[in-house]
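Q: Annotations for this protein, taken from Swiss-Prot, read as follows:
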ACT_SITE  Cys79  active site, nucleophile
ACT_SITE  His180  active site
ACT_SITE  Glu182  active site
DOMAIN    1-205  domain 'Glutamine amidotransferase type-1'
Amino acid sequence: MIAIIDYGMGNIRSVEQALKYIGAAYIVTSDKEEIFRSDGVILPGVGAFPKAMDILEEKDLVRVLQEIGRSRKPLLGICLGMQLLFEKSEELQDCNGLSLLPGVIRKLKVPYKIPHMGWNELKKEGEIALWNGVEDGSFVYYVHSYYADCPNEIVYGISDYGVKVPGFVAKGNIYGAQFHPEKSGDIGMQMLKNFKGVVETWKSSQLSI
């Protein structure tokens, strides 16, 4: 069972439809016990970083997500949800994030239209489980005005938008997509299927303990 975190700022409907399409068992929840009982977690998000962190704090979900991230349970952040995984953001004001990944969220300063909206090429950097069946140079769908300034060793996908935008990051059990896999057609569905596979592998490992 995958828990989609519902905190009032997520693109939950489209994520829910995508999981339904790939045949994944899921629950939409903000209940701490349901999140802990899940086999994997998706943190979606659309909106401002400081407001999102305030809401997560109010719902006591910061602690929950940090515990999930520091365990081996698979966690996938999408768009703002990915940005929240980092140490802090410069959006509107300096604001601390979940600190599960090293790096800072900074505003895009490029000679192009902001937000970065639409399809862009994703160049793979290294191999991870979520790349199974995903061709290098596939196009994915973005909507964002901020990007992660983070160490190269956690960057597994890059798009060019005047700067090198980390499109996909990963460290251990933690994954983050700056783009929207649920809106990225067959390629996005394949990535979500791969995440489902990672979740199932983790679940099986727990049953054997």
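Positions of Cβ are set from backbone N, Cα and C atoms, glycine also.
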Q: Among the active-site residues Cys79, His180, Glu182, whose Cβ has the fewest other Cβ atoms within 10 Å?
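A: So among Cys79, His180, Glu182, the active-site residues given, the one with the fewest Cβ atoms within 10 Å is His180.
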Q: From the Cα of the residue listed as 'active site, nucleophile' across to the Cα of Glu182 (active site), what is the distance in angstrom?
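A: Answer for this pair: 11 Å between alpha carbons.
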